[in-house]
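This report refers to the structure that appears directly beneath it.
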Amino acid sequence: MNRFAIGIAGILVILGIAVALSSDRRAIRPRVVGAAFALQAGIAVLVLYVPWGKRVLQWLSGGVAGLLGYANEGTKFLFGALASDPLGRNFAIQALPVIIFFAALVSILYYLGIMQLVVRWLGGAIEKVIGVSKVESLCAAANVFVGQSESPLVIRPYLAGLTPAQLFTVMTSGMAGVAGTILAAYASMGISIEYLLAASFMAAPGGILMAKIIMPDRIEPPEGELPLEDMSAEDREIRLAASRRIGPGLGLAALPSEGAAGDSLPEATHDEEKPANIIMAAAQGAQTGVKLAVAVGAMVLAFVALVALANGLLGGLGNLIGIPGLSFQALLGYVFQPIMALLNVPWKEAGIAGGLFGEKIVLNEFVAYIDLGKQAAQLSPRTVAVITFALCGFANFSSIAIQMAVTGSLAPNQRPTIARLGIRALIAGSLANLMSAALAGLLIA
């Protein structure tokens, strides 16, 4: 079979899995799902196949590479000779300072209002093309630039009133995307900047696609009122918010005037305390980056050590039962090998690819990208590209706890719903990443 037949089969299998997991197949809206897939595929074709689109992506990648160079200047100043080769090629010096620099840069962009404009423009485009609510589209757009911990702040006034289906879309968007600060850290580890940027933008419609298949909107209208699909976008948002805040049948007059879903969305909020000037914005961002870098460093240290422990135990067990070389990655590779083969990964490489994808789900994408860097020489360029797309997302078990902590603190009434939907959101986010990988495998020669 050629790569086009395999790629189309992989796309159909991923969609089939999503439909099989749907909470209500009859409520799936073909217009929304079709538009979301078309947008995700359109971005892939534009940046991976169309010549001028590829040039734009290369230009953006060059910009990110330039920013990484500026981040390296700060690293050299702080660590001196330790930041030079070969000592500087370790994770703590190479990747973690990049997180601090990009966190400060993002904070400055928020202070200047640039990030809000970009997020609103992108969110508006998603809303018009796909046909989802303004709240969902804005959150999906925010996840292109900031992570699942920050994006809920953009829609904070509306979190408490979201329906389960809308909240599921917010959760899935967070699982499918990555933060710009973390993406820069991946790039500093040698992962292709072009593929990371493409995967980040494709994750926005991809997350909505899987969310609207697995948990579509289904609100039964009170007697005498129009069904949702027959309403204007503004009226639909008001109805959805009303159904959560005041219960069905009480009438729109019971909606509080402050924070009603039909109002214009507030300015995106990045920090609780608004900085007084650009220096304070940079300082706040750097402090946030330090916390994030320490958390990432501790997480990577713990998980890499735990994987080594698991491999030691499994290796001993394998020797006892006559299966030498048994490891944590090998077990995960067996599980996900068929799926990776459908993404145009050769069968002999699909075991390694499946192990990395499973490692990303069970542990996190940072550990998986580190292992990808170690094994990239054994893999073909297209396999490395496909794996890069498949790993580019926060869909892992620890993200469920993160979303419960962050979104749950902003809307305490939603904590039970977040806990109930956590595993489904993880699966939806993973399928969104696999869809991006399938499109990449189809288009990359």
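Glycine is no exception: its Cβ is also placed from the backbone N, Cα and C atoms.
Checked against TrEMBL, the range among 167-189, 351-373 recorded as transmembrane segment is 167-189. Listed by sequence, the residues of this chain that lie at least six past the ends of the transmembrane segment (292-314) yet keep a Cβ under 8 A from its Cβ atoms are 91-92, 95-97, 99-100, 103, 181-182, 185, 326-329, 331, 359, 363-364, 366-367, 370, 398. Sequence-distant contacts of the transmembrane segment (32-49) (same chain, at least 6 residues past either end, Cβ-Cβ under 8 Å): 15, 56-57, 126, 129-132, 194, 197-198, 201-202, 205-206, 208-209, 212-213, 435-436, 439-440, 443-444.
With a cut-off of 8 Å on Cβ pairs spaced 6 or more residues apart, the transmembrane segment (195-215) and the transmembrane segment (91-112) reach fewer than 3 such pairs and are scored as not touching. Using DSSP to sort the residues of the domain 'Nucleoside transporter/FeoB GTPase Gate' (93-190) gives these counts of helix, strand and coil: 80 helix, 0 strand, 18 coil. Residues 147-149, 171, 174-178, 183, 186, 191-192, 195-196, 198-200, 202-203, 299, 340, 343-345, 353, 356-357, 360-365, 368-369, 372, 376, 415, 418-419, 422-423, 425-427, 429-430, 432-434, 436-437, 439-441, 444 of the same chain, all 6+ positions outside the transmembrane segment (384-405), place their C-beta atoms under 8 angstroms from a C-beta of that stretch.
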